[in-house]
Amino acid sequence: MNRVGIDVDHMIGVLLLAVVVVFWVGASCLTNELLETNAYNKPFFLTYLNISSFALYLTPDLWRIIQSRRKSLQERTERTLPIHTQESFSEFLPLLSSTPSTSSNLSSIADTKVKDTMRLSLLFCVLWFVANLAANAALSYTTVASSTILSSTSSFFTLFLATSLGIETFSTKKLLGLFVSLFGIILIVMQSSKQQDSVSASSFLVGNTLALLGSLGYSVYTTLLKYEISSKGLRLDIQMFLGYVGIFTFLLFWPILIILDITHMETFELPSNFHISFLVMLNCIIIFVSDYFWCKALILTSPLVVTVALTFTIPLAMFADFVWREAFFTPWYIIGVIFIFVSFFLVNHRGESAVEKDCAAVEKGPILDA
């Protein structure tokens, strides 16, 4: 693959990330509306529902299996039919002798692919769930803008993790970006707390802590997913991967849902009216689509680029808070956001050698299924 091809892949990844940013801010607004207003304050169930819905990605595979079984049954039926002439039998015999071998090889390859994907999905479903649960729960205590901004610190967690795994190079400029971002975050959190007279400072502390926990979890599964794909040369089938993440989430976390209901920490109940049901389903659809785009963008770009893209959720989240909550932002709040923007430019700076290294790596062969 030439450098032009690489640029095209990268551009496609960036465009997908742009869609993801819009979708994620929209999902944050919907979740915030459900949780903070107590219209449907069920962060665990919402997370469980959103991620379990990924199982629907296996529908095409299930349909192909059904069609394959039907075709196989039809072929076995046809083989039992009487053959009227020796000539027709001799023409058909080679097909019969070659079919089992070919089918066996294809089946072996397919089984290996499914097992690798299932292993990867099982490994990441817990990280995925915990990170999303923390991010959703944070919206019960803080604003969309604060949650989104704090979640964007995953870029810095990603930098350290990716550097330790050899996926990313470390530089003084990127380290400077970390400190600039930290200063901006402090300004933003302080101003967010001052704006909310009706909510205690401890609630904001809980919300901000959960947002940071979600940020750390996000950076861990993003970096490790890219590492697993790159280091082992896996050809990731995104639909199958997400599908099994949904299946494992559904199977592993339903006991916790029951425990939360029994202990009254989060009672299980369906939405009480159409409006809430609509918001819940819309949020689920947004996550369903956007996380597919996110996976594709991760493969086409890099963990750091994907996490840096969260920067652009900040102005959108601020606008969402302005529209939904009639929030106001002090000059210090805006300055904090500017600091974070500057820090991401520093962290995302790449030299020519890094670009050439990526070119060489991609030319070795694609890892993305068409």
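Even glycines carry a Cβ here, placed using N, Cα and C.
Taken from Swiss-Prot, the feature domain 'EamA' covers 129-190.
Residues or ranges marked as topological domain 'Cytoplasmic' in Swiss-Prot (evidence: sequence analysis): 1-10 (among others).
The feature topological domain 'Mitochondrial intermembrane' is assigned by Swiss-Prot to 32-42 (among others). Counting only same-chain residues 6+ beyond the ends of the topological domain 'Mitochondrial intermembrane' (32-42), those with a CB under 8 A from a CB of the stretch are 136-137, 139-140, 143-144, 147, 266, 268-269, 271-272, 276, 279-280, 283, 324.
The topological domain 'Cytoplasmic' feature in Swiss-Prot is assigned to 64-119 (among others); the stated evidence is sequence analysis.
Positions annotated as topological domain 'Mitochondrial intermembrane' by Swiss-Prot: 141-146 (among others).
Per Swiss-Prot, the feature topological domain 'Mitochondrial intermembrane' maps to 191-203 (among others).
Per Swiss-Prot, the feature topological domain 'Cytoplasmic' maps to 225-239 (among others); the stated evidence is sequence analysis. Only residues 6 or more beyond the boundaries of the topological domain 'Cytoplasmic' (225-239), in the same chain, are considered here, and those with a CB under 8 A from a CB of the stretch are 57-58, 60-61, 113, 116-117, 120, 123-124, 162, 165, 167, 292, 295-296, 298-299, 302-303, 361, 365, 367-369.
Under the heading topological domain 'Mitochondrial intermembrane', Swiss-Prot lists 261-273 (among others). Break the topological domain 'Mitochondrial intermembrane' (261-273) down by DSSP state and the numbers are 2 helix, 0 strand, 11 coil.
Using a Cβ-Cβ cut-off under 8 Å and counting only residues 6 or more beyond its ends in the same chain, the topological domain 'Cytoplasmic' (295-303) has close neighbours at 9-10, 12-14, 16-17, 20, 158, 161-162, 167-168, 219, 222-223, 225-226, 229, 236, 238, 241-242, 309, 358, 367-368. Sequence annotations record features per position, and here Swiss-Prot assigns topological domain 'Cytoplasmic' to 295-303 (among others).
Summarising the annotation, Swiss-Prot assigns topological domain 'Cytoplasmic' to 348-370 (among others) and lists sequence analysis as the type of evidence.
For 11-31 (among others), the entry in Swiss-Prot reads transmembrane segment, with the evidence type sequence analysis.
What Swiss-Prot records for 43-63 (among others) is transmembrane segment.
According to Swiss-Prot, the feature transmembrane segment maps to 120-140 (among others), an assignment based on sequence analysis. Through the fold, the transmembrane segment (120-140) approaches residues 28, 31-32, 35-36, 41, 43-44, 46-48, 50-51, 147, 150-151, 207-208, 210-211, 213-218, 220-221, 224-225, 228, 234, 236, 241-245, 247-249, 252-253 of its own chain, all at least 6 residues removed from its boundaries and within a Cβ separation under 8 Å.
Among the features that Swiss-Prot reports, transmembrane segment is placed at 147-167 (among others).
Under the heading transmembrane segment, Swiss-Prot lists 170-190 (among others).
Sequence annotations record features per position, and here Swiss-Prot assigns transmembrane segment to 204-224 (among others) based on sequence analysis. Residues 123-124, 127-128, 130-135, 137-142, 146-147, 150-155, 157-158, 161-162, 165, 167, 189, 192-193, 196, 298, 303, 306-307 of the same chain lie 6 or more positions beyond the ends of the transmembrane segment (204-224) yet place their CB under 8 Å from a CB of it.
When the stretches 43-63, 147-167, 274-294 are ranked by Cβ pairs under 8 Å to the transmembrane segment (240-260), first place goes to 43-63. Counting residues of the topological domain 'Cytoplasmic' (295-303) by DSSP class, helix then strand then coil, yields 7 helix, 0 strand, 2 coil. Relative to the transmembrane segment (43-63), the listed stretch 274-294 leads the set 11-31, 147-167, 274-294 in CB pairs under 8 A. Through the fold, the transmembrane segment (147-167) approaches residues 25, 28, 32, 135, 138-139, 174, 177-178, 181, 185, 188-189, 207-208, 211-212, 214-216, 218-220, 222-224, 226-227, 230, 302-304, 307-308, 310-311, 313-314, 317, 336-337, 340, 344, 347 of its own chain, all at least 6 residues removed from its boundaries and within a Cβ separation under 8 Å.
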